[in-house]
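Chemist: The structure follows.
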Amino acid sequence: MKVLWAALLVTFLAGCQAKVEQVVETEPEPELRQQAEWQSGQRWELALGRFWDYLRWVQTLSEQVQEELLSSQVTQELTALMDETMKELKAYKSELEEQLTPVAEETRARLSKELQAAQARLGADMEDVRGRLVQYRGEVQAMLGQSTEELRARLASHLRKLRKRLLRDADDLQKRLAVYQAGAREGAERGVSAIRERLGPLVEQGRVRAATVGSVAGKPLQERAQAWGERLRARMEEMGSRTRDRLDEVKEQVAEVRAKLEEQAQQIRLQAEAFQARLKSWFEPLVEDMQRQWAGLVEKVQAAVGTSAAPVPSDNH
């Protein structure tokens, strides 16, 4: 009987231990859980997740990492990821600040100050990571081909510490942003309440006006239709009279413009004919004179040519 109880006890304890181990194995690490939140959160969290992934790759200190650490490739990548994270964070903070408008000025200033401090700590953490990698590159280059095993070990230790601090400050920033967002939501609800209070009297006035219109609608439909028809007929007659008057005015204006244009055209025609006659009187004497001079010149040339072509008398007899 004791052996049976002992066997049952051992089986029970083994089962409990298996359950505990299963729970421990299924529960994600804080860093992995935080990274999962970054991958499905706001845009600044996604950018921070990319920075975090790149830092994890750098921590492997593989041969490719060590080669790129000796150049400026790693620091350039980290700088780009840092700038992207801070840019998205600033944009998200500005968006929340716009939503905090209905909140009291004192509360908004306090939340903004706390959030700005948390944002500065996160930026300083990322800057420390980049600075440590720059320092490592300088130390390796100063070794001049010697063993850098100790330098790599120290770098790995520092990166682990920096990663923990970065995780802590990022978590703190997320919490403060959650408070900031809650304040913005509360301010928005207050703003909606204020709008409802302002719109309440207007809605009541609209309801009263609708009731008045409903009472008027109780009149006989034929009577109201007749009144509307008379008003419409009078309005159409008035518009027709105005249109006819306007057409008459337009016709008169068109006739007047046409007469002026014809008169101006006649004046231009007369001026052109007079100018043509004047030009003709100017140039005809000149042309005739040039013709006379040309005729005289031709005669002189012909006479000269005839004289030179006459036969010269011979002296041989």
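The backbone N, Cα and C atoms fix where each Cβ goes, glycine too.
Copying in the features that Swiss-Prot gives for the protein in this structure:
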- 80-255: region '8 X 22 AA approximate tandem repeats' (REGION)
- 80-101: repeat '1' (REPEAT)
- 124-145: repeat '3' (REPEAT)
- M143: methionine sulfoxide (MOD_RES)
- 146-167: repeat '4' (REPEAT)
- S147: phosphoserine (MOD_RES)
- 158-168: region 'LDL and other lipoprotein receptors binding' (REGION)
- 278-290: region 'Specificity for association with VLDL' (REGION)
Chemist: Determine the Cβ neighbour count for S147 (phosphoserine): the number of other Cβ atoms within 10 Å of its Cβ.
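Modeler: There are 8 such Cβ atoms around S147 (phosphoserine).
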Chemist: Are there residues of the same chain, six or more positions away from M143 (methionine sulfoxide), whose CB falls under 8 angstroms from its CB, and which are they?
Modeler: L151
Chemist: List the helix, strand and coil residue totals of the repeat '3' (124-145) as derived from DSSP.
Modeler: 20 helix, 0 strand, 2 coil
